[in-house]
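*Asks:* Look at TrEMBL and you will find 371-407 tagged as domain 'PAS'. The domain 'GGDEF' annotation in TrEMBL covers 531-665. TrEMBL lists 674-924 with the feature domain 'EAL'. For 281-299, 306-331, 337-361, the entry in TrEMBL reads transmembrane segment.
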Amino acid sequence: MRIWIGRASKFPIAAALLLLSVPIVLPSFSFLTSTDNLLTEWRSANVLRPASGKFVFLAIDKKSLDAVGVWPWPRTIYADVVDKLVATGVNDIFIDIDFSARSTAAADERLADALEKAGGGVILPVFLQHAAADRNQASLAISRPLPLFAQNAWLATATVRPDRDAHVRRFAVAEEIDGAVLSSVPTVMTGLDFATPGEFAIDFSIDPQTVPTFSIADVLAGVVPEASFRGRSVVIGAYATELKDVFSVPVHGVISGPMLHLLAAETLAQNRALQTIEPTSVALAIAPVLVLLMVLVWAQHLSLRAVFAGLILVSLVLETVALALQTYWAMVLPSTLLHLMIVAVGLLCFLVELDLSYWVAKLAGIRTRNSDRLLQQVISDSADAVIVVDPSGQVINASATTRSILGADYVVVPGANFRDVAPPGLARLVDKALRMNRADDRRSLEPEELSIFVEGELRILECRITVSLLEVDASDEEQAENACIACLTVRDMTKKRQYEKQLEYLSEYDELTDTLYRGALIRRMELEPGRAWTVCAINIHRFAVVNATLGRDVGDALLRSVAARLKGADPAIRHVSRLGSDVFCVAVDLAVASVSDVDGFAENLIAAFAKPFDMQQSSVSIGARVGVCGGNAGESAAAGLVEAAEIALETACKTTGTGYSIYDPVSAGKRARLRILEGDMRQALQTGEFFLTFQEQVDLSSGQLIGAEALIRWQHRRLGMVSPLDFVSIAEANGFITELGRWVLEESCRAALSWPAHVSVAVNVSPIQFAKGDMAREVKAILRETGLSPQRLQIEITESVFLKGTDQLTRQLQELRALGVQIALDDFGTGYSSLAYIANFPCDKIKIDQSFVRNLVTDVTSQAIVRSVATLAAGLGLKVLAEGIEDQHQKDFLLMLGCGEGQGYLFGKPKASSALFPDAAATGRRHAIALS
């Protein structure tokens, strides 16, 4: 009783100290700020208020983007919007768009003119941003409008600074930029003036849904009444999701950047800038009151239920007051600290009510018993063998799985001496662990593996030993010395090690042929860097035929036989590898070979395949083609030798029958260049390395320019100018030609828009584009997008399409002609020139290949061919165009033979579109139509 009274008498003092320390210690913790932010957000969300109506949001939404069709918008669009708004009598216009970079000169002049007419009533943003993507290294850069715009606009800072949780809660009233104080956008829009930089808290109880909002598309269309803007301030900015001008804010989640400016302006206009009451002073003032309340509760012996009910009521009153302050006076009361003080009062009252020491002891006993039960259950159910041994060697506990792991030869049960019943290796490990404990050596023992025979089988056991100290009376030295136990965990690793060994084998060896994989071969060669390796890549000739005719089982057996024959073909073969389905590779040390030269060894390998292979009651004859790299081609790494041998094998496979090829560095260099081109193609299209030139097509009789053929060029960033002969075939092989061809077609149509209306553009289309897609639909879409008249587009196809002529191809050509697009047969006479196909295929023009024009004046054969083609075309109602005209004699001769159109260096070399028609490019003349 005396102890309780003494403890109780000290309670008010402890309570007072605890409560007074709360407002001093806790404000330094960041969780208070986070919780207060959540409470402030909750109050705002429950007392939403409408916007003042003084501000209007003109949104660049999805509808507006679709109406204009391009992004970024031409600055003439903004100029048109400014003109329309100024005409309605708006107060201010804020354009939330970055105008720090130049556009076209005409567009910039148009916008500058609109700003000047607005008389300084347009606000343009100035903001800070990181100069580079690496924020750790990059400095801040100032983005401000071009001087052309700034001189006729009101500049205001628009920098947004989110809090650590990525939410924006505050906005600057003014900001110092380059030594000058610049007012913020909300400050300028509300007409306020702040001489010094500072911030204000935005009131997010203002509902953004009540801000008048219109689509710019509707404004441009003239469907929004002028009264909607008269006397108001207008904010123009992004709303569409794809423009990604969004910020996270309290209450409303994610809103657009312009709407954030509007809410900040509404906050100032409604005098709703939130002011935060300093929480520490309030808490220190309330703390004595709570202490007195707690002493009263203690003295009157009130029940905990009554105490908790009273404290809950106090918290509710506190939040009601905070809600009223924020709603009516725009004052924020950070109440988290006060709530924590109330919780502390409740906790102290609870501790007084309980006999704490009693409950602590009771809970400790329960926890000890639960731990014992849990430990016993863990040992009993463990999949590993768990054995607990005391310092004398007596087994204290053993799991049920001990017998299955150690077998019937070693019966380890509680009460037995571990040294007598356990395998000797395990007993030695336990003794070692206990000795280390007695020597005060607390080093942990690393897991060890033991191999023992259990019931006649070899088992691999992983053993882990943990020595745990026990609490005893320190005065008893003998008891203290033996105050430990050893816990031995034994896991059967036999199957795991076998599995790992099998995995290791499968990671390096082909299971079918028992030969190395490529990587394993290279690693083994690298283990002997001083050896002069010769690598031979071997292709099994006719393997695909054998596999198809005799079946896969015979094919697999043949592969195994080939591997076995290679392993025994020559003692110089150190390693055999399988590189592909029918490709093997051998690493050879010619220093110990039966022949010392590369050619002789390759011939011996081919000869080894001359003898038939006996396969399941049948004899199979195959051949071999060999690619050899003898290390004399500058290849130092093993991987390079293998790759060089494969390159040589590709050359050998181009010959019929068997044979071999020695690695040629020149051919390899060409292949490497082609691989670079293939790897860089897609990126080159994205980075603008491809470009178009155009070659004139003229009417031979009048000399008038009637068209131009688009020719693609590639200025590679490292390899320089790349010939179309190199990259077009690669693009056709890997399917990239469809994407590249679409780009050529679209860019050609856009270029032709600036040409005179009578000039057409000719575009070559690969047969693969017809085979892999719907060219008619694609051409129609591009014409609709660019606005080019179909009659001004000419699609050129080669004679190779005849070889793959299908109903689908014919349908696509007919659809193109029905649309008005002309079809020309390119390089006529050099390919599959079938008169039947020409007569049946829908086309409008035949282009005679330049090979017939080059020697036309002196070559009778070329004259006959050209005359025949011209006669054929006239009979079929087709036009004829000759390519490669280089002098006046060729032109006159072609005109005499009946050829009406021509193309070649006589009329001009390929050049850029702007150089083709400089006058049209300068005036920006465009000729477009609309396709339904």
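Count begins at 1; order follows the chain as displayed.
Including glycine, each Cβ sits where the backbone N, Cα and C put it.
Automatic, uncurated: that is what TrEMBL annotation is.
Values in this document were obtained by computation on a predicted structure and should not be read as measured data.
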*Asks:* What parts of the chain pack near the transmembrane segment (306-331), using Cβ distances under 8 Å and only residues at least 6 beyond its ends?
*Replies:* 39-40, 43-44, 46-47, 203, 205, 271-277, 297, 338-339, 342-343, 345-346, 349
*Asks:* Over the domain 'GGDEF' (531-665), what is the model's average pLDDT?
*Replies:* 82
*Asks:* Per DSSP, what is the residue tally for the domain 'PAS' (371-407) in helix, strand and coil?
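*Replies:* Residue counts in helix, strand and coil order: 16 helix, 10 strand, 11 coil.
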*Asks:* Going by DSSP assignments with H, G and I as helix and E and B as strand, what are the residue counts for the domain 'GGDEF' (531-665)?
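*Replies:* Split into helix, strand and coil, the domain 'GGDEF' (531-665) gives 55 helix, 39 strand, 41 coil.
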